[in-house]
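> Next up is a structure, given as structure tokens.
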């Protein structure tokens, strides 16, 4: 809106200057973006050459398996950012997603340990996950609260409910479904790795291959234009929060299978989930989150921890490098955003 | 005591060296442990607590001392990360893996996978059927001793606040079960229900507010006689809460022997009643020795106990100091 005002008021020469400035910034952003991708590639190349056993199929499948939970959560986060717009302060964000996974895992493990079968327990976990997502949607779309604050509040609700349910203890769980997820293997690829592959394929097709996905981007990018085109913005935004809750529930089943239990402390994953969703934007030319970009950054985060361990570099570095990369990406996105703003 | 032991070891080593040179034998003897050319993977659930850090350090120092290469992995108290680290570690095929603490329910299937991969597994403070050896303190003793000290200080009657948030951690289970067993002989000592939950992180703050709440709920002096925890970080918060509430009749009890807590017990005015002090650094080192012995083809017992000391108000000045010195020597505060 301010841009149109600007257009009518500033002179032609000013406009030219602004255009040149914006082109310069855009060029700068491109350089930094390519630089970031080059840094990713350099780190990977280093691992390939120096980390013993890094490229073995066994190791790579391990990494895919290790990335499954983070991946599923990051897709939820990415969908929310796409639908709500990627403005860091006012755009879409779901801070409750990791805590929601913890709650779903607790519900799932508790029901299993009480003797309810897989079907009922899985359904209950998914229902709880989507209900928490719906609560987010209600707060953001219904009450108009900033997503950052709304989902922060819901984070606390979910974490509190998990604590009430489990009393902060480990709830052991075993079931036929968990057995398959833990030790199942098809075509030499473990079930957990398959879970990530299938989930990724579905997400990429839905978001990038359908008109539904296109509308989702429209809603996040230009809500006014989307509304003018007759798209129900509230519906799409609400949908992303419920989808994010669904992702949390799916991830919770994967996490219970991997840990043979629901354990406290799921909330810790939030930073990695945010990192994956934000890092993914450098793989897009317009710095928007994409499912493919998210997948790449999830795998990158997994490979980073793996490569460091194979090189026998302290695991403490992983957090440091992850943090530095987030800072870099957020800096790049604000840089690029700046060029859009002055356009 | 440790100094005289060291002297003895030195004398033995000298004697052995002399014997070896006399006989011109060049084979490895039982005392000459070596991990030359061996890679030892070490996985710890976290090192944010004094005990964990000391044991983790003890393991790494000893592996290096014996000439081995160490792959040290700290999961930062995240189960998810520890499992990923163990999975990658299995693929790295080290000569042995030493695992330190964590949730047994989560770990057991993965410890099984370590054994299935043919990698010898040793544990620190983690009793599991999958380990060749578990090096730890005698937690049965520790649990009974600290419980008896508490009952004695209480005069055999009163109410106890108990932190029981980590029953899934094997050593805590043993200590808690021992407490319960001791209390069967003292029916006038009662555990206040519901029990309290200690948490990680924010252990001290959370214990502080839990105990403060309970003291507020039972305002009459003498209505609560003691606070018990299976480790000593909740004890810090509990002691601070008791003192802040001016309820000096309440004494606190814990296990591990963090320097901070030993200092509290040494302070006659502090409400910290007693702490069972372990030697985590020695425990870490000993587990490596066990691994080295096993890799050299020697027999290793299923568990090794490293001595611990009950530090109470009476003996604190004398018994506490060696532990504080050891902490200072290791550079861990």
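Counting starts with 1 at the first residue shown.
Just so you know, glycine gets a Cβ as well, placed from its N, Cα and C.
Here TrEMBL flags A:30-54, A:66-85, A:97-116, A:122-155, A:167-187, A:193-214, A:235-257, A:269-288, A:295-311, A:317-336 as transmembrane segment.
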> Are there residues at least six beyond either end of the transmembrane segment (A:97-116) with Cβ under 8 Å to its Cβ atoms? List them, or say none.
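That would be 69, 73, 76-77, 122, 124-126, 128-129, 132-133, 151, 154-156, 158-159, 161-162, 165-166, 171-175, 178, 244-245, 247-249, 251-253, 255-256, 261-270, 273.
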> Select the range from A:235-257, A:269-288, A:317-336 that forms the most Cβ-Cβ pairs under 8 Å with the transmembrane segment (A:30-54).
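By the under-8 Å Cβ criterion, the transmembrane segment (A:30-54) pairs most with A:317-336.
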> For the transmembrane segment (A:122-155), could you work out the same-chain residues 6 or more beyond its ends whose Cβ comes under 8 Å from its Cβ atoms?
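Counting only partners 6 or more residues beyond its ends, the transmembrane segment (A:122-155) has Cβ contacts under 8 Å with 80, 84, 89-97, 99-101, 103-105, 107-108, 111, 116, 177, 234, 237-239, 241-250, 252-253, 267, 270.
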> In the same chain, who gets a Cβ under 8 Å from the transmembrane segment (A:193-214) while lying at least 6 residues past its ends?
61, 64-65, 67-68, 71-72, 75, 79, 82, 181, 186, 250, 254, 290-292, 295
> For the transmembrane segment (A:317-336), find every same-chain residue at least 6 residues outside the stretch whose CB is under 8 Å from a CB in it, and list them.
25-26, 28-29, 32-33, 36, 39, 86, 88, 271-272, 274-275, 278-279, 281-282, 286-287, 301, 304-305, 308
> At a C-beta cut-off of under 8 Å, are there same-chain residues at least 6 beyond the transmembrane segment (A:269-288) that contact it? List them, or none.
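Distant Cβ neighbours of the transmembrane segment (A:269-288) are 29, 33, 36-37, 69-71, 73-74, 77-78, 81-82, 86, 93, 95, 97-99, 101, 155, 217, 220-221, 294-298, 300-301, 322, 325-326, 329-330, 332-333, 336-337.
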